Amino acid sequence: MSFPPGIRRRFVVSFPLLLLVTSSFAVVATADGASQDDGPELPACNNPFKLVKVKIWVDGVEGEDLSGITASFGASLPEEANKSSKLPTVFSNPLNGCSNSSSKLTGSVALSIRGDCDFVTKAKVAQSGGASALLVINDNEELYKMVCSENDTSLNISIPVVMIPKSAGDAINKSMEEKHVEFLLYAPTRPIVDFSVIFLWALAVGTIVTASLWQEFGTSENSDERYNELSKESPNAGTGDDDDKEILDISVKGAIVFVITASTFLVLLYFFMSAWFVWLLIVLFCIGGVQGMHTCIMTPIARNCPQKTLNLPLFGEVSIVSFVVALCCLIFAVVWAVNRRESYSWVGQDILGICLMITVLQLARLPNIKVATVLLCCAFVYDIFWVFLSPLIFHQSVMIVVARGDNSGGESIPMLLRVPRAFDPWGGYDMIGFGDILFPGLLVAFAFRYDKAYKKHLASGYFLWLIIGYGFGLLFTYLGLYLMNGHGQPALLYLVPCTLGVTVILGLVRGELKELWNYSPELSSATTNLTGEA
């Protein structure tokens, strides 16, 4: 079905910029997920908290690994599985592990539930019963950091003590019904830097570079094919007026209203997040992704190949190639949606997302640095507030809760690029929200147009330096992520100074800041046309 260009333009631009920005807190790394409760620092109670892998065998058949976290006391676990031993598993009796167990614990991994006494008492009881290790099952899904109390002035715990989440305990309980269960505990070290970070960095920088240079592939007489491939060209195609109608110039007022609207939408997601809500976002993401992928594929085809058309019911006169490409894009999006929980689904999600962002950066435009300053400064405050300051009001980071997909029935919001950690024994993904590519990307694309209008070379222009600044901004984001132990970072905290700041400083040094501030694309275009006619 063919839609009027204006309606399609508003959907392709407004939808991503409004919905996708809700994930603009950017780089997220899976932390240990443990609640903070650092107890008193005692000589025997200052072990570093480490994530633990629990390999499980049921009647000799290896099952799915479980995860846990060590206590601040007790023996350390080996970092490699081949340096640990398989041990039989026994539930303590009583189950709380607060008094001597009637079950034989000798040489086994003792299991107890949290509560009724402190963790040190549980460990002492298990150790006195001859247990080789103690696993404490939490009463919720978080991994609580087990610490000592102020009364524990002297400890002699020589067995490892590990906490596992409630779901893991339920799975173990089900497996142990008249079956022999064995555990192997070890604490592998997580690498400081994973290859996925480098790949994700390249994806983000490459998307902005491609989107900025993409203008060279679909300008002049072929502009209409970029935005209206499925419909017949309008009578005004190629006149230049139609191009202007397809571009959305962001205004100062629009920038402010957008950030306020995005904040409202984020709060709605926080309070009403559910599986059906995420499914709605998945459907909208697929629609936008199909439009973006179709545009990216058809732009070079429409520019270099003649188009044959045919009449179809409901669709009218359409390009044959465009129709086939649209069907392929739709099938691609549907296949991704069906298999979105598979380990390989990140590839399809990233392809759809990159195509969508490239298209958005073609359709939305910053007219000058004045609007860019308002938009990026508002987004800067937006990112910092919803990541770092919102816990003061909501008792948790609204942005991170929404991005994690809490209360979404296992579904996750698709509006981000993600890459699996290749060398991390814990797996997981490194991620960056679309907003952290779109916001700086709008400024970089403006710099490219400005350099082109004034025929500036790479070194004397702004485009190259903004790309370098964006790349360094992402590096600073990852550094902040590492220094804050994997806590989600508001990437715009680093990206805005490294892009907008670079532009302002270069403009001041070169004496061009006033020109950048009041730059008008229409005036520049008119000047270029007059020069060409002369």
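Positions of Cβ are set from backbone N, Cα and C atoms, glycine also.
The feature domain 'PA' is assigned by TrEMBL to 94-172. The signal peptide annotation in TrEMBL covers 1-26. Residues annotated as transmembrane segment in TrEMBL: 195-214, 255-273, 279-302, 314-338, 344-364, 371-394, 431-450, 462-485, 491-509.
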Structural state census, the domain 'PA' (94-172) (DSSP three-state): 17 helix, 16 strand, 46 coil
Honestly, do the transmembrane segment (279-302) and the transmembrane segment (255-273) touch, with at least three Cβ pairs under 8 Å and pairs 6 or more apart in sequence? no
Does the transmembrane segment (255-273) come close to the transmembrane segment (431-450), meaning at least 3 CB pairs under 8 Å for residues 6 or more apart? no
Confidence summary for the domain 'PA' (94-172), mean pLDDT rounded: 85
Considering pairs 6 or more residues apart, do the transmembrane segment (462-485) and the transmembrane segment (491-509) have at least three CB pairs under 8 Å? yes
Per the Cβ filter (under 8 Å) with a sequence gap of at least 6 from its ends, the transmembrane segment (371-394) is approached by 21, 24-26, 250-252, 255-256, 258-259, 262-263, 266, 270, 400, 435, 439-440, 442-443, 446, 488-493, 496, 499-500, 503-504
